[in-house]
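Have a look at the structure below before the remarks.
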């Protein structure tokens, strides 16, 4: 304690009142009131021991009061904090925020700046090129409408793996792959006149019948059909009809000529009569082959050969199914 208090010299008391506005839990002792109500000159005249006891009681009362106030404040703060946790969506299981490295922060800022610049450039380009975009879209629409897709079925030997469909045009193979819905691979061809000719062809065996070869054509040729070389006219006709065997006889005032189309390779075999006539005129033969009568006879002969083929019905049904749209 202070020396002035020990010596009994009268002096002004030290005020230790730390009231913070909350009501005390209990009233201070009567000794404290009595000591505080005494005049300043009369406090130092008592016994030193009794004064020390009174001061100790006063300090104890103040400490008890402050402890109770602290306890009340702690309860109020805990109650307020507990009420704010549900509103802020915080809970004890939330993981602490991970530290962000400066490199990732720089990278994110750089990406955000690039995104902003690209958005500005796109907006300017969009404002300046609406007309061009509309024209190009219309042109693309027209191109899509002009694309023609057709399918052709050919019956082949199941052991043949060449995936070649002879249609009179020259093609260049540029790829082959296996599709998901068909175990047979699909071959991709371009017209030999590419890139000026945009026609493409896809050839693949039918998934239902391995003896059917399905060729899908995309686009139209912008060049005339290549003229067949000598001796390939019947081969082209046979390829258009599915390479079916047929024989045609032409009866005219001239010598009798038989065209045998049953030979493999499509070669024309001229069979002379029993009495060999004089050599025929080549121009006359070509004129007869190009005549409408020859074409009519060829069509009739091919039709009869198709109807007599037991597999023709199955091939025709498969071709019709290929043409029908998928529902």
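Including glycine, each Cβ sits where the backbone N, Cα and C put it.
According to Swiss-Prot, the feature coiled coil maps to 56-76. The region 'Disordered' annotation in Swiss-Prot covers 87-135. Taken from Swiss-Prot, the feature compositional bias 'Polar residues' covers 114-126. As annotated by Swiss-Prot, DNA-binding region applies to 160-226.
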Task: Quick one: average pLDDT across the coiled coil (56-76), no decimals.
output: 93
Field: DSSP helix/strand/coil residue counts for the DNA-binding region (160-226)
entry: 0 helix, 28 strand, 39 coil
